[in-house]
Amino acid sequence: MRPSKAEARPQRRPTRAVPATGAAHRILALVLSLTLISCATPPESLGPDGRTGTWNGRPIGTPPAPNPSLKRAIIARAEQEWDYFGRQEVVFRGMVESIPLVGDWEDDGPRQSNRVNEYWRAVGQPDLTGMDCQKPWSAAFIGWIMLNAGVPADQFRPSIAHWPYLADLIESADLPGRYFVPRRLQDYSPEPGDLICAYRSPSPPIMTNGYVSADALTGISSHCDLVTGKHGRTLEAIGGNVRNSVSKIRIELDAQGHLQPIPRRPWFLIIQNRL
């Protein structure tokens, strides 16, 4: 059973770290492996504008013409939905997760439940609503954001799960003019408009030197958030179905500005927005 709002609120001021669990040990192993990879493998070279480079030895295609208004529209849509759901905040610091502000939840009433139904409609599931609490809707939320911001379907294919669109973006990264391309955690510091993705399976996807193939993503349980702000080493991102709401998360980057996998968010992939 999920926690109630009353149970969620005491998490606002955690006074001690959560003890390491088996999942935490797996994340630690992932962090160590990424550290070793970053030491042993030279970073992928980025072009002068930071929008080109390679993915797993394949050149990434030439970037699209800059379209900052579309990038702003994507971020604005996410911010609007966060506001609609009461501006819930979730803060990750190491193994500790806190909720400084509890917002509206998916099943609080028709207003929230019907909004989740709009997200589901964007991915061809018109019968699902926020009352279907056991149906993860984070991918539907991302698809709705892209669709309503005006991103063409041939650039981003909305899906009921994250892995189909992630696999599609990896597979097509070498084509010219792609808006969204994959980046390794150790090569790239995420920026507003990017997607940051974590796995939710008991174990991470099969990766080689920090790369994941499209095939390795098939069927994997994952979650992606849309980066909306960056302030020094603090990254802000908005996601759907985060603690039963549209939430803004805050996480700390490392000294080089890179994502650090943590137990609650075992990051493994960044999707760069080249607009």
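Backbone N, Cα and C atoms are what each Cβ position is placed from, and that goes for glycine too.
According to TrEMBL, the protein carries these features:
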- 1-20: region 'Disordered' (REGION)
- 1-10: compositional bias 'Basic and acidic residues' (COMPBIAS)
- 42-68: region 'Disordered' (REGION)
- 132-271: domain 'DUF2272' (DOMAIN)
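Remark: secondary structure over the domain 'DUF2272' (132-271) totals 25 helix, 47 strand, 68 coil, with classes taken from DSSP.
Confidence across the domain 'DUF2272' (132-271), taken as the mean pLDDT and rounded to a whole number, stands at 96.
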